[in-house]
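Trainee: Questions regarding the structure given below will be posed in turn.
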Amino acid sequence: MDETYTNLPTSHLLGSVPAVINEEIEKSGTEHETPEASMQTFPPTNGGDRGRGYRTLETPSDSQQQPSNDWKGVFSVSSYSQYFNVDTDIVMNRLISSLYPVGGDFSSKIDANPDLYGLVWITTTLVFVLAALGNCATFLMQKRSDQGAAWSFDVSYMNVAAGSVYGYAIVVPMAFYFSLQYLGSNSSLIRFWCLWGYSLFIFILASFLLLIPVEILRWFIILLSGAASASFVSLNLRSYIDRNDLSVLIIAAFFLQMALAIFIKVWFFP
């Protein structure tokens, strides 16, 4: 009797637990792996990615880095790198615009993207052109009057050209900028440097024409170039002056450009 009770199947009885077979677990192939811990994935994320409990430490992106607003940025080269981000087409377009002063639309072209590339390139080129062609002009004029006279290269032309051109291109726009700021008019120093820099381009072209050993023709060339450069500055400076009582600054800018032209003729092409 006891053997019949022990041989009865018990899998259908309530509360019975079937045996777990190791082979079925191996066939299922489902294994749960515990992710490895890493100190590089700390601290945990907040919201969003629920699957990951931690995030990798990363350096802040450029968009998240706020630029410094202190005066240290003035002496940092990286602060001015954006003003040299121009291509050849933009520079050529602005150079051509500087030769047509009656348009007066140069200020609108540089309003969104003023550059300092033109200022540096044009002033540096003008310094070397004045020093080199000024000596050539004196040589031609001296040989024309007295072919037997001795001639020597004047190194002081380079010093005078660098001091006058760089000083004019930097100091004069700053003077107008601070004057307009003091008088309550809105202005931009970078745009003024850009404007005055491109206004000097015509003097590079005029310097080659001043090699002609005819004095009357030289004066005509330099006065015409000075008037074109002065008109270019004055007409574009007008867009930054919204008051009639500040028109004296436009007149001052015109005569300063004319004075620079006369200085170039008298000193470098006598």
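Backbone N, Cα and C define each Cβ position, glycine as well.
Since the structure is predicted, the reported quantities are computational estimates derived from the model, not experimental observations.
This is the feature table in TrEMBL:
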| type | residues | note |
| --- | --- | --- |
| COMPBIAS | 58-69 | compositional bias 'Polar residues' |
| DOMAIN | 104-263 | domain 'Yip1' |
| REGION | 27-69 | region 'Disordered' |
| TRANSMEM | 116-140 | transmembrane segment |
| TRANSMEM | 160-180 | transmembrane segment |
| TRANSMEM | 192-210 | transmembrane segment |
| TRANSMEM | 216-235 | transmembrane segment |
| TRANSMEM | 247-268 | transmembrane segment |
Trainee: Which sequence-distant residues neighbour the transmembrane segment (247-268)? Criterion: at least 6 residues beyond either end, Cβ under 8 Å.
Mentor: 130-131, 133-134, 137, 157, 160-161, 164, 168, 172, 176, 179-180, 199, 203, 207, 210, 218-219, 222-223, 225-227, 229-231, 233-234, 237-238, 241
Trainee: Out of 160-180, 192-210, 216-235, which stretch has the largest tally of CB pairs under 8 angstroms to the transmembrane segment (116-140)?
Mentor: 192-210
Trainee: Restricting to the same chain and to residues at least six past its boundaries, which positions have a Cβ under 8 Å from a Cβ of the transmembrane segment (216-235)?
Mentor: 98-99, 101-104, 106, 195-196, 198-200, 202-203, 205-206, 209-210, 250-251, 253-258, 260-262, 264-265, 269
